[in-house]
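Student: These came from Swiss-Prot, pasted as-is:
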type: ACT_SITE; residues: Cys325; note: active site, nucleophile
type: ACT_SITE; residues: Glu359; note: active site, proton acceptor
type: BINDING; residues: Gln190, Tyr219, Asn224, Glu240, Asp300; note: S-adenosyl-L-methionine binding site
Amino acid sequence: MAVPVVEPERYEAQLDAKRERVTAQFARFSPPALEVFPSPPSHYRQRCEFRLWHEGDDLFYAMFEVDPSDPKRKEVIRLDDYPVASERINALMPALREALLASDVLRRKLFQVEFLTTLSGEALVTLIYHRQLDAAWEQEARALQTTLGVSIIGRARKQRLVLDRDHVWERLQVEGREFVYQQVENSFTQPNAAICQSMLGWARDVTRESREGDLVEFYCGNGNFTVALAENFRRVVATEISRTSVASANVNLEANAVANAVVARMSAEEFSAALAGEKTGRRVAALALDEHTFTTALVDPPRAGLDAHSCEQLKVYERIVYISCNPDTLEANLEQLSATHVVTRFALFDQFPYTDHCECGVLLERRAPAARA
């Protein structure tokens, strides 16, 4: 992949290009005017990972770019700073590098560094090695942890040493409210926190008149949307298959005093089967699905989007909130969903400036019977 070049002076131009591209791509669905949410033009990414490149006595952060003259060859790009990343990450990069240069124990066979930071300045650093970590490493890593004011995790094959904690606490400001989120190392979190705040605000806005119904959320992760949307609904059932994410989502529900939501460790397909009465068992019984009236579904699928069967299952809901990280798969899914639903809100979130990546939000509402295709 190409290393993004941060040029704040061309930020608006690149955002306008995305706006035009997305507007043209989805024109045939006759959506309302596109709502556009800009990113900070620099220092917008709260998590990053870098290779640690060793050259003699030197070492430096690196990324790789494909050589245009030889697609099979990757060029090593040295990074002394990274304007894409948060200011906290940029402050840590040289301080950590200097500490590594001064310690044979910490630098030996270190090949990757991962940073996870928050808007409030918390930081977690993961050091990944091609060797097993011992007591000498732990002693020096603990000293480094204190010097840098961060939490440190050491990783190697079949080894994970958590010196302090394996997470940070993010605090997001949305519509005058503060939501707190435990974000666990090596699990998915929204990388652009400013845009995440915009996404949560938009999702709250499009579901505001929903208190008489219940929400089902698929692919809920650590409860990012679950926490922010719960007060808009009578009850919420959120599904997720990752044990780590389910545990973190439950922590976040408790941290935000959300009492009307539950997280079920099951796939979207399993939930749909349970809702249809085709799947039973202890976990299904605990959800008491027959006591719910699900009027709204929220989906935030991976880049592959939804398969045809999943789209069919969504058609039973009055409203669908679709958060997409891939306009092409969103377009394909809307082709199927538009037979029964119409796009009534449409948003572009500039999650990754200076790249072709577009994050979109769509609200679909069921067509009147006579209007269905």
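Don't overthink the numbers, they just go from 1 along the chain as shown.
Including glycine, each Cβ sits where the backbone N, Cα and C put it.
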Student: Helix, strand or coil by DSSP: which one applies to Gln190 (S-adenosyl-L-methionine binding site)?
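Tutor: Gln190 (S-adenosyl-L-methionine binding site) sits in coil per DSSP, no helix or strand.
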Student: Where does Glu359 (active site, proton acceptor) sit in the DSSP three-state scheme?
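Tutor: In three-state terms, Glu359 (active site, proton acceptor) counts as strand.
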Student: Which one of the binding-site residues (Glu240, Asp300) has its C-beta surrounded by the most other C-beta atoms within 10 angstroms?
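Tutor: When each Cβ's neighbours within 10 Å are tallied, Glu240 tops the list.
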Student: In Å, rounded, how far does the Cα of Asp300 (S-adenosyl-L-methionine binding site) sit from the Cα of the residue listed as 'active site, nucleophile'?
Tutor: 8
Student: For the S-adenosyl-L-methionine binding site, please report the maximum Cα-Cα distance among Gln190, Tyr219, Asn224, Glu240, Asp300 in Å.
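Tutor: Max Cα-Cα spread across the S-adenosyl-L-methionine binders: 16 Å.
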Student: Work through the binding-site residues one by one (Gln190, Asn224) and point out the residue whose CB has the fewest other CB atoms within 10 angstroms.
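Tutor: Each of the binding-site residues Gln190, Asn224 was scored by Cβ atoms within 10 Å; lowest is Gln190.
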Student: Round to the nearest Å and give the CA-to-CA distance linking Gln190 (S-adenosyl-L-methionine binding site) with the residue listed as 'active site, nucleophile'.
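Tutor: Cα to Cα, Gln190 (S-adenosyl-L-methionine binding site) and the residue listed as 'active site, nucleophile' are separated by 11 Å.
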Student: Look up Asn224 (S-adenosyl-L-methionine binding site) in the DSSP assignment and report helix, strand or coil.
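Tutor: The residue in question, Asn224 (S-adenosyl-L-methionine binding site), is helix (DSSP, three-state).
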Student: Name, in the order they occur in the sequence, the residues of the same chain whose CB lies under 8 A from the CB of Glu359 (active site, proton acceptor) and which sit 6 or more residues away.
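Tutor: Expected: Ile195, Met199, Ile323, Ser324, Cys325, Leu348, Phe349, Asp350, Gln351, Phe352.
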Student: In sequence order, which residues at least six apart in the same chain have a CB under 8 Å from the CB of Tyr219 (S-adenosyl-L-methionine binding site)?
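Tutor: Long-range Cβ contacts: Thr239, Glu240, Ala268, Val299, Asp300, Pro301, Pro302.
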Student: Quick check: with Gln190, Tyr219, Asn224, Glu240, Asp300 left out, which same-chain residues have Cβ atoms within 8 Å of the centroid of the S-adenosyl-L-methionine site Cβ atoms?
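Tutor: In sequence order, the nearby non-listed residues are Phe188, Glu217, Cys220, Gly221, Asn222, Gly223, Phe225, Ser245, Ile323.
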Student: For a quick check of packing: other C-beta atoms within 10 Å of the C-beta of the residue listed as 'active site, nucleophile', how many?
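Tutor: Total other Cβ atoms inside 10 Å, all chains included: 19.
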